Amino acid sequence: MSSHPEENIPFSMEPKVTARKTSDLSVSSDPAKDSSGALASAVDMDDGTKPERGPRFWLCFVAIMVSAFLMSMDMTGIGTALPVIIADLHGKEFEWVGSAYAVSATAFLPLSGGLAQVFGCRPVMLVMVFLFAVGSAMCGAAPSTNFIITARTIQGVGAGGIASLTQIIIADLVPLQERGTFNGLVAIGYAFGSSSSPAIAGAFAQNGQWRWFFYMNLPICGVTAFLVLTCLDLKVPRGTFKKKLLKLDSRM
């Protein structure tokens, strides 16, 4: 009998160390895309690896910043042009022209987040930009104060959705360690819109062209929607429309 019995053992008793399998949330060899060619989720990148960002990512981020700029501009700029607007429309209920936007935007914030979780970020973002554009067009064509209050309510719904979706999209696209930087860049868009809008609205109102303060949103919304449609390609939750509605109801 050998003095080293372990030599006769056909296999080692030491635990075998194998490479950890890639989880379902991992990305393909291209860190900027998943297996379907979609932009990779930031959850996949939170292990410290830095994703390679191509033109699609930056164009999508530009769309997010422009959306933030528009949302904040129309919230703060209306105050400067409001006296001219009310005088032109021969109205009295001026306070609701500004408040309707803020109230509807605030009320729609939580619902837009639930919609994005159920239906996906891209379709919901497109709907929000569309509503904002429709509200802007209605504001520009308003024949009365009641009409512009209604239009501002629609515009505010779109703005609330945009405010919520910008944060959700950044969380999906950007790793946790870089999220503060990109949120700061979006905040610059908010700040620039808030600070520049009184001068822009005042310039239009001074020349009797206050309606163009709203009309100028339309081409910008068109470009934003195009960039979101072509560049933002995150994973969309599966399921029928009915199942998604039931899922949304359970989240509310």
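Each residue, glycine too, has its Cβ placed from N, Cα and C.
Straight from TrEMBL, the features:
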REGION    1-49  region 'Disordered'
TRANSMEM  57-86  transmembrane segment
DOMAIN    60-252  domain 'Major facilitator superfamily (MFS) profile'
TRANSMEM  98-119  transmembrane segment
TRANSMEM  126-148  transmembrane segment
TRANSMEM  154-173  transmembrane segment
TRANSMEM  185-206  transmembrane segment
TRANSMEM  212-234  transmembrane segment
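Mean pLDDT for the domain 'Major facilitator superfamily (MFS) profile' (60-252) in the predicted structure: 88.
Below 8 angstroms of C-beta separation, residues 32, 39, 92, 94, 97-98, 101-102, 105, 125, 129, 132, 136, 145, 148, 152, 155, 159, 162-163, 165-166, 169-170, 173, 182, 185-194, 196-202, 204-206, 208, 210, 213-214, 217, 220-221, 223-224, 227-228, 230-232 of the same chain, each at least six residues beyond the ends of the transmembrane segment (57-86), sit close to that stretch. Of the recorded ranges 98-119, 154-173, 212-234, the transmembrane segment (126-148) has the largest number of C-beta contacts under 8 angstroms with 154-173.
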